[in-house]
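The structure under discussion appears below in the form of structure tokens.
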Amino acid sequence: MSPLTSTILISSLATGTIITASSFHWMFAWLGLELNTLAVIPMITKQHHPRATEAATKYFLTQAAASAVILFASTINAWQTGTWDITQLSTPISSILLTMALAMKLGLAPAHFWLTEVMQGTTMETAMIIATWQKLAPMAIIFMTSNNLTSTMLLTMGVLSAIVGGWGGLNQTQLRKMMAYSSIAHLGWMAVISTMMTNILAINLAIYLLMTTTMFFMLTMTKSKTIQDLTLSWSMSPMITLFTTLTLLSLGGLPPMTGFIPKWLIIEELTLQNLTPMATTMAMSALLSLYFYLRLTYTSTLTMSPNSTMTKHKWRFNMKITPTAFSTPLPIALLLLPITPLILM
């Protein structure tokens, strides 16, 4: 893909997200979501491979269906209330339809099946965009309509996503699919807290974006696509292996890593709202996710790959991303826990 084409597509992605996040009119929000979808489809298909074409088709169909439902929900609301204001979503049927559409946009269970297939069918860089940047626009709509969305549906889908995200990643060997299930699990935590505290939702989203971006940077640097590839990452750089391990533990939510902050705050809030059974279920589902993160940690750090010595010259290849690219997100993805009170202020 030429630099000009890449620049146009990335600019369109940014513009679409900004339009959706800054608009209070349903038509502009829908326009931003459509711009986002249309910009990312050429990025998915740049491989010229049948699997990439299949991934782009799946992505287009799910996102177009979700956008149509959003437009339908906003039209019903405007028809009954006479306003196109996003914050004035007062019709029950519109709230239910919008909650379903946003779940499909984000990849919340049970509308999560497209996310794993799309991320597996494209390059690591595009998979990173789908797992991070593409979550911003739907999350902006959730922020603006959090008081009007159907709480029961969001809580149910949140718990289901946390369980499915942990359960689905257990028997995967492809790293992009594992990151997709990781994304589903993290989005489940965000969906649960979005009905109660939007400031914790913002903290969770920011930390998720930083940790996922750091992890994708490392996978791109080591050219790892499967678990077996990860076992040879030490031959490129022992430090990258160490940082990959720490980032995986942070994604799993182990203290004293940054990833512990959102889980701690969300479980505390659920307990305060007398939703102790839900808090217990979410904590147990986090153990499922932690298992496959620890599995990756074990294979990348504590084992030697049973291959011939000819494969141990991975350092000869040029790195796609320079180590300085993740010098900013890496410390933030690992070391924010001590300043949690400052973040909450």
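Heads up, the Cβ atoms here are built off N, Cα and C, so glycines get one too.
Taken verbatim from TrEMBL:
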- 25-288: domain 'NADH:quinone oxidoreductase/Mrp antiporter transmembrane' (DOMAIN)
- 290-344: domain 'NADH dehydrogenase subunit 2 C-terminal' (DOMAIN)
- 96-115: transmembrane segment (TRANSMEM)
- 136-167: transmembrane segment (TRANSMEM)
- 187-211: transmembrane segment (TRANSMEM)
- 232-255: transmembrane segment (TRANSMEM)
- 275-294: transmembrane segment (TRANSMEM)
- 321-344: transmembrane segment (TRANSMEM)
For the domain 'NADH dehydrogenase subunit 2 C-terminal' (290-344), what is the mean per-residue pLDDT, to the nearest integer?
71
With the transmembrane segment (187-211) as the reference, which stretch in 96-115, 136-167, 232-255, 275-294 has the largest tally of C-beta pairs below 8 Å?
136-167
Residues from the same chain, set at least six apart from the ends of the transmembrane segment (275-294), whose C-beta lies under 8 A from its own:
155, 159, 162-163, 165-167, 169-170, 172, 178, 181-182, 185, 188-189, 192, 248-249, 251-254, 263, 266-267
